[in-house]
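*Asks:* Quick one: the structure is below, questions incoming.
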Amino acid sequence: MSLSLPLILTTMTPATLIFLLSSHLALMWIALELNTLTILYMIANKSHPRAIEATIKYFLTQALASTLIILSGAINYETTGSWEITEMTNPTPLTMLTLALSIKLGLVPFHFWVPEVLQGMPTLPAIFLLTWQKVGPLIMFFLISPLVNHNLISTMAILSSTIAGWLALNQTQVRKLMAMSSIAQMAWMIVIIKYAPSLTVLSFYVYSMTVSAALLALNKLSVTTMKSLTTSFSKNPIATLLLMASILSLSGLPPLAGFTPKWLMINQLIAEKATWTALLMLASSLLTLFFYLRMWYYTISTMPPNTSNMSRPWRKSTPKSNLTANTLATAASTLLLCTTLMKAATK
């Protein structure tokens, strides 16, 4: 059974429009459920024990988050008489909604489901899970950010970035490394969402292109572990170079595109007198930088003609290029020629 892309798009597109056009919590909950059911269909479409396990884990965590969301809306309606998410002034339902959205985004301390689910998913559902599925919760987080204590948001962001980098230090599964990367990137997006939502949009745009290109390149190379990265260059040099451009862009190294959002976020946090938050986020990003560079080392610094400890599959024919992966990776690794324009657009 193959994935029906038109069915997926016709389900997730109306859900996204609901998030963009409505602030009614019940409608947003319905949109979240549409996204959840679509992702569940995409994961379970592959009849494999690991995919079924990922489906169950994803269903249980999302069911918990959905229950908290609708319960918070019901409590807020009983106390204020409104279902509007921007009028959630009661601290109890507001806290419940914040925790539910943290589960949806995979933030600490509700991050354990992300690597386990991503490990059992095919490539296309993984891209949807790490990009499009995050749109709704991020919009809801933006709507409640003026009401939530920013110290809580900053603490969750710092812990998410730090723990994601810490857990990835000795990780050998590439899919789980990408999941840790997603958790760290989400931390950067929510830490600035109250001060400059436009920077969250910019960061999400760059992150979506970059992680999509990285996952498509990994799928093209059939890479699952760090050890198999050592022979990826011999199988497909172009895809390997595009993968490395995407990985280094995710790390935030200049002059790649991933550097721009982080640079602007640090400037904004310092301007808002959140200097300690900026320093702690920078310190935690060193952990994530380490595992990005470790992937780069395994791929580039151990490529042929260096000796490899595992058998190397030889190329029997010239591999065909992947236009989608090439386009996304090129955009993700664009030099910072448009930094001034991007900075002006976020003011």
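All positions are counted from 1 along the displayed chain.
Note: Cβ is positioned from N, Cα and C throughout, glycine not excepted.
The following feature annotations were taken from TrEMBL:
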DOMAIN    22-288  domain 'NADH:quinone oxidoreductase/Mrp antiporter transmembrane'
DOMAIN    289-342  domain 'NADH dehydrogenase subunit 2 C-terminal'
TRANSMEM  25-44  transmembrane segment
TRANSMEM  56-75  transmembrane segment
TRANSMEM  95-114  transmembrane segment
TRANSMEM  126-145  transmembrane segment
TRANSMEM  151-170  transmembrane segment
TRANSMEM  202-218  transmembrane segment
TRANSMEM  238-256  transmembrane segment
TRANSMEM  276-293  transmembrane segment
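What's the neighbourhood like for each of these?
*Replies:* Same-chain residues lying 6+ beyond the ends of the transmembrane segment (25-44) with a Cβ under 8 Å from its Cβ atoms: 3, 8, 11-12, 14-16, 18-19, 51-52, 54-55, 58-59, 62, 66, 69-70, 72-73, 76, 83-85, 88, 104, 117, 120-122, 124-125, 128-129, 132-133, 136-137, 140.
Through the fold, the transmembrane segment (126-145) approaches residues 8, 12, 15-16, 19-20, 23, 28, 31-32, 35, 38-39, 42, 85-86, 88, 94, 97-98, 101, 104-105, 117-118, 153, 175, 178-179, 182, 186, 189-190, 193-194, 197, 200, 204, 207-208, 211-212, 215-216 of its own chain, all at least 6 residues removed from its boundaries and within a Cβ separation under 8 Å.
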*Asks:* Quick one: mean pLDDT on the domain 'NADH dehydrogenase subunit 2 C-terminal' (289-342)?
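*Replies:* Residues in the domain 'NADH dehydrogenase subunit 2 C-terminal' (289-342) carry a mean pLDDT of 59 in this prediction.
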